[in-house]
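Reviewing the structure listed below.
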Amino acid sequence: MLIIQNTKGDSMKFIAWLDELSNKDVDIAGGKGASLGEMWNAGLPVPPAFVVTADAYRHFIKETGLMDKIREILSGLDVNDTDALTNASKKIRKLIEEAEMPEDLRLAIIEAYNKLCEMCGEDEVTVAVRSSATAEDLPEASFAGQQDTYLNIKGAENVVKYVQKCFSSLFTPRAIFYREQQGFDHFKVALAAVVQKLVNAEKAGVMFTVNPISENYDELVIEAAWGLGEGVVSGSVSPDTYIVNKKTLEIVDKHIARKETMFVKDEKGETKVVEVPDDMKEKQVLSDDEIKELAKIGLNIEKHYGKPMDVEWAYEKGKFYMLQARPITTLKKGKKEKKAKEEDIEAKILLKGIGASPGIATGVVKIIHDVSEIDKVKEGDILVTEMTTPDMVPAMKKAAAIVTDEGGLTCIEGDAKILTDRGFLKMKEVYKLVKNGEKLKVLGLNAETLKTEWKEIIDAQKREARRYEIGVYRKNKNTKDTIKITPDHKFPVFVNGELSKVQLCDIIDNNLSVLSIDYIPMIEEKYESLAEVMYLGGAVLSDGHIVRRNGKPIRVRFTQKDTEEKKDFIEKVKGDVKLIGGNFIEISNRNNVIEYQTSRKIPSEILGFIEVNINTIPLYATKDEIADLIAGFVDGDGCLSGKRRVEIYQNSSHIKKIEGLIVGLYRLGIIPRLRYKRSSTATIYFNNNLETILQRTRRIKLDKLKEFKKPVEDKKLIDISQILPELKEFDYKGYLYKTYKEKLFIGINKLEEYLSKIDKDGIERIKQKIKLLKESDIYSIRIKKVGEDYGEVYNITVKAENEFNHNYVVWTKHYTPIVVFNCHAAIVSRELGTPCVVGTKKATKVLKDGMIVTVDGEKGIVYEGEIKKVEEKEKKQEVVVQQAPIITATEVKVNVSMPEVAERAAATGADGVGLLRAEHMILGLGKHPRKILEEEGEEALIEALMEGIRKVADAFYPRPVTYRTLDAPTDEFRGLEGGENEPIEHNPMLGWRGIRRDLDEVDILKCELKAIKRLREEGYKNIEIMIPLVTHPDEVRRVKEIMREVGLEPCKDIPFGIMVETPAAALIIEDFIKEGINFVSLGTNDLTQYTIAIDRNNELVSKYYKEDHPAVLKLVEHVIKTCKKHGIKTSICGQAGSRPHIVEKLVEWGIDSVSANIDAVETIRRVVARTEQKVILNYIRKSYVERE
């Protein structure tokens, strides 16, 4: 063992060899290193290796001074916030990887590597550098897979580099998450790095010395695949599975998987994924004799360790090697549950795969595309994805079961392009950049405003899949303007006037139009310094270029045909060059084509910059600058054709120029078309907004337009049959009827002209909708299927607030933009702990969000519904459409009585919980809270409250959840166990309840407050507190004092509000505001009965109970307007919040949120949206009248 003494005289063990290590050395070598040493010394076949020790890691952290910086980043981190966790990890890893390795440690690693090379008889041995955490393989908490492994590392300096990367992998998002969850101090867990000779495996896999699925201790399970073991360990390859009887070594079961891909080393020593040869795809990887030989080694390993082991193995040149062994940490303790037999279950089997973790669970399907969507999964859901990774741990902990396939259908061909903030990039280029951690933005559509916007790309995926080749066509259906997309890819499409999600195959089958865009917004302005030279840049580059030497621009060449029509233009370009210090001289004249040149530095650098960045400049330039640039191209090599359109000609190989022109024209709201003449010439042409360009051209005059009689083509065409179905009730001289019936497109301007001549009820509303469409950035195009094949497809995931904004714009071969949604995609892994079925191949295709399924993790079966239910009939599959979300300024929340309905309530899309009733949680316990305190103690009541509140807070996180303290009347508590002593009141609704009772039973109130405090400390910062039935500010003051006693500072640590349920509270609302509150919630149920003196539970008078009584509404209006004046938020949580006609008034008065019952959320959201629109319209009308 190499021991270094530091400046303080402490002994530092930097390097340890396997013969120096045993299982007792986890604190020195980490789990992997200690285990390898144990196996080496037990005489097991292990490749030679050395370990860079945990002391070395600590030395590195100390000498580089990184500890304080890391602590600062981790301070206050909420690990349940996926974005925050990921960002913290990136910052820490960057700090570690960019730090300078201490020289003494660097030399120690190099010396050890050179010694390993001597042992292996190689000049530079190829090694694997594997992280080995000091808490990694402890039985209490599986840390496996949380740190990194690097294969095919060669050379001493590279080993040093990748050891440092291993150090940084101690702070991956999932490692940070696990340590927080398991209560490990981040700096008490150290990391070692194992540097081991890499076995170039012909076949490899894993072995479990106990069947981890059935937990049968008499069985040993081997998984095997072709090539390196990386595919099996990560789960990206479906392995063969062999089950061996440990007593007889009889092979009792085999599952021979179809193995599509394998990991191999290429000639450069790098790992790559290749296709398995056809004759090996379904061939058994290990022979029966090899299975038994490996099983014997496994038995020896288990015997040596004295416990069930999880072993990684490899096979090279006729010999097995053990790469790693660790205890199986996932075996359940205690009595096993009785397993259901497949034949006993009366349910339809939807899928079969390989059982990966035992157990049976029923729940709602939630399909996850990637780790950014893990918050979608709630407690008890069935997580369905292509493949899972340890990064999905937060979602897995909530899931009742997990179902995976080997890869769902991602979306777009690799050569298709998207427009990013770096210009046009192919999908396969974007994939590489994103996977390398590059930040990119992509053009997309805002589903609410129908305006284009830039969106951040947060992930990318790829695989192979079936692809449709679709062509964009207009009048001529024979199109070469194509793109390849998977048939189940979803597009935003108008169906019956609503923006909807429709699969490509359904679009084709039903001849639906899709959306294109006619405008690209600027990302940011940064080329104002080029404003004066944009025209010159376009003119020169239209048919010229910049000569470079060693990449630097040294001269400008400008080529033009010497015609009478171009003489003035050429002279003006010469004059413009002189203005920036250049001087064009003629250097050649062939067939009347003259080439001019200037070798001056400034024009060469300026025009050279424009040439290099021509494809991205339009993204960052103003419209005036872009118009000048394009005008230069038009004058230089363009014309105004007889078809009354402008044409620009470019060599088809000048891709950057073509793309710059395309982007520039869209930036100006001009829709360009691209056509190729033969293979060498590209023509970019357009015939709308011609004046924008022609008023800036110098050769082609604007007044030439007068020579053309043909009107400009109306480019914004829409499919009224899909977007404006209400037009079927209107017509103008048969035109609209024909357009609608035959699904023809019509120009928006022409449609406006027709409708202006129609005088009929309802037409004004349609005109308003058309106005919005005219101001939008969308129009309709038609597509058709022209071919089909199988090949690579790619997908990106964009950051968005809601699912309809998870879209982006993809471009065809001829640069026609089409709006598409994100599709299903994720990364692979196998996961433990909950019922899990892997290798189904088609889970993400067969299962749908919202389906109820039962997962049998041992049998590897997914059943339809609950296992006792059998569906008699299958519904005919139709085009499935989803309505776009309605966005409102007024929040629409939901009332929740019981934690059990939290998932259903959250699924409504509500903006939060406006009222979470404490009393229903208490009643659900079946025992009086006083009895719980007396018999079980304070902790029992706190835990019971936490459990209920947590379910709701978790389901809605990060949306707010407003918890109302206990408000149960005495008659409700009397029925509980221990409730015999509840006082008998003639009218409990006017009796001992609400804040009166809370302040009389402070010990129960404190339990509620302590439960909330602990939950907020767990990370549920979305919980708010509200007190009921207040009548005087003194009550608020007293509750605040009690909150401080339990460690909660109202209005500072936690949002704090009151229920306004009494006329007293409504009338003196300003006094409550002065006392200090964050929000008010109107409880109209009680407010109504107290205002009009009617007991709503009394059948004799309940018919007179009216929430819209003028006196009640007057009090409500007074509260809302008073609070608004003081900046206090208002909400309503009574039944009135579910009454549309009352909600209209609330919105008009300015209420901040409305909390409705679960079944009324959708209706109320529509009422709120309609009312908000009406309020805005009335304001506009009023303003207009006042101006007039």
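Keep in mind that glycine also has a Cβ here, set from the backbone N, Cα and C atoms.
What Swiss-Prot lists as active site, tele-phosphohistidine intermediate is His824. Per Swiss-Prot, active site, proton donor is recorded for Cys1133. Residues or ranges marked as substrate binding site in Swiss-Prot (evidence: similarity to another entry): Arg917, Arg964, Glu1061, Gly1083, Thr1084, Asn1085, Asp1086. Marked as Mg(2+) binding site by Swiss-Prot on the basis of similarity to another entry: Glu1061, Asp1086. What Swiss-Prot records for 536-670 is domain 'DOD-type homing endonuclease', and it gives sequence analysis as the kind of evidence.
Sequence features annotated in Swiss-Prot and their locations in the structure.
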| residue | record | DSSP class |
| --- | --- | --- |
| Arg917 | substrate binding site | strand |
| Arg964 | substrate binding site | strand |
| Glu1061 | substrate binding site | coil |
| Gly1083 | substrate binding site | coil |
| Cys1133 | active site, proton donor | coil |
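Summary of the substrate site environment: with the site residues Arg917, Arg964, Glu1061, Gly1083, Thr1084, Asn1085, Asp1086 set aside, the chain residues having Cβ atoms within 8 Å of the Cβ mean position are Leu915, Asp967, Pro1028, Leu1029, Met1059, Ser1081, Leu1087, Cys1133, Gly1134.
Averaged across the domain 'DOD-type homing endonuclease' (536-670), the predicted model reaches a pLDDT of 93. Across Arg917, Arg964, Glu1061, Gly1083, Thr1084, Asn1085, Asp1086, which the record gives as binding substrate, the greatest C-alpha separation is 15 Å. Take the binding-site residues Arg917, Arg964: by the count of other Cβ atoms within 10 Å of each Cβ, the lowest one is Arg917. Cα of Gly1083 (substrate binding site) to Cα of the residue listed as 'active site, proton donor': a span of 6 Å.
Sparsest Cβ environment among the binding-site residues Glu1061, Asp1086 (other Cβ atoms counted within 10 Å): Asp1086. Packing around Asn1085 (substrate binding site) is summarised by its Cβ count: 17 other Cβ atoms lie within 10 angstroms of its Cβ, all protein chains included. Counting residue by residue with DSSP, the domain 'DOD-type homing endonuclease' (536-670) contains 67 helix, 37 strand, 31 coil.
Looking at Asn1085 (substrate binding site) and the residue listed as 'active site, proton donor', their Cα atoms lie 9 Å from each other. Checking each of the binding-site residues Arg917, Arg964, Glu1061, Thr1084, Asp1086 against the residue listed as 'active site, proton donor' by C-alpha distance, the shortest gap belongs to Thr1084. Working note on the recorded positions Gly1083, Thr1084, Cys1133: by count of other C-beta atoms within 10 Å of each C-beta, Cys1133 ranks first.
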